[in-house]
Amino acid sequence: MAVIIVQASRLSLNDIHQTWLHLEHNLVYVVVLSAFVLVGSTGYFMTRKRSVYLVDYACYLPPSKLKVEHDRFMKHCKLMGCFDETSLVFLDKILGRSGLGEETCAPEAMHCLPPKPSMEAARQETEQVMFGALDTLFANTNVKPKDVGILVVNCSLFNPTPSLSSMIINKYKMRGNIKSFNLGGMGCSASVIAVDLAKDMLQVHRNNYAIVVSTENITQNWYFGNKKAMLLPNCLFRIGGAAVLLSNKLVDRRRSKYKLIHVVRTHCGANNKAFNCVRQEQDDIGKTGVSLSKDLMTIAGNALKSNITTLGPFVLPISEQILFFVTLVANKLINAKIKPYIPDFKLSFEHFCIHAGGRAVIDELEKNLHLLPVHVEASRMTLHRFGNISSSSI
């Protein structure tokens, strides 16, 4: 544009007149060229990817009366009368190794003796968590509920009718043409899936806000039996939730905390072991709970390798990509027993947000990705302070 302006400033009136005459004699070519430029520009601006910004987020902080200290937890389990001595020893052992602190919280229904896991109590827990996070989010961003055009809610184990997304729409009297989605059964990965869905929706609907709400329900999913694989969630999972405001508006660029660059997801559901590694089921005496398989860490590790393979070319320096590619080819073609090269992601990222699923999860990822203790400190403290709050942990 600068060159064009300089050249145009040198033109005389006679030059401009001659140019106009030339355009008149070549009108067809000028019209065709102009139409081509106009259509091309329109196509580019309509199809180009829109930037997605994370304006702000809010986490639900439970009241102090819902805290579950370790001694109180074990005393409560004994008074319930549903756990045998072996199970109580197992619960105490797992709780001690879990990495959870003394400030994690359980829903109000689980503080009663006996516990009252009713549908109404489950609704109250979910409303308390979702509305608590959303109230804070709306207050912090000064965005009105009617300004939100896309709503994505995820909760794996509690999916009532009306849906959780409908509960939010009813509470905040959101607009009638809102694009509303309710995701269930997707476990701890649901937040990333929900953000991916919201991102895709923001690519289609211009000048819009999207809210993602992540939570899990404990009230109706506490296990009252003695099967060890199903007792683990009692020790790890706690109450909590988070709400995120996303935007594709250019005016939100300055005030946003983050910009979304890449979302990578590998689905391992075709593998039977992966499919069954986290499963809601009944035990031999009909008690319902969530069973965590011993294969869980192996499955998570395999999914991580697939994600790293996909994400690596987007973010890693070329030197790391070459080393990763060479070892990959050697394993595939030569069948050499070469240990797969783990790229140094510390060259690309300063901060790591590892899911606070348990101490073993964080330890395993710290080891596999060759991270330093400082890189996993945030995840360890999230687990210590809040426990595993499923999809909303991240």
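Cβ atoms here come from the backbone N, Cα and C positions, even for glycine.
Note that the structure is a prediction, hence the values are computed from the model and not measured.
As recorded in TrEMBL, the features of this protein are as follows:
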| type | residues | note |
| --- | --- | --- |
| ACT_SITE | Cys188 | active site |
| ACT_SITE | His267 | active site |
| ACT_SITE | His351 | active site |
| ACT_SITE | His355 | active site |
| ACT_SITE | His384 | active site |
| ACT_SITE | Asn388 | active site |
| DOMAIN | 44-333 | domain 'FAE' |
| DOMAIN | 352-394 | domain 'Chalcone/stilbene synthase C-terminal' |
| TRANSMEM | 27-46 | transmembrane segment |
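Features per TrEMBL, on structure.
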residue : record      : CB count, 10 Å
Cys188  : active site : 23
His267  : active site : 11
His351  : active site : 7
His355  : active site : 21
His384  : active site : 17
Asn388  : active site : 26
Key: Residue among active-site residues His267, His384, Asn388 with Cα closest to the Cα of His355 (active site)   = Asn388
Remark   = By Cα geometry, the one of the active-site residues (His267, His351, His384, Asn388) nearest Cys188 (active site) is Asn388
Ask   = Out of His351, His384, Asn388, the active-site residues in the record, which is closest to His267 (active site) when you go by Cα distance?
value = Asn388
Inquiry  = Considering every residue in the domain 'FAE' (44-333), what is the mean pLDDT value?
reply    = 91
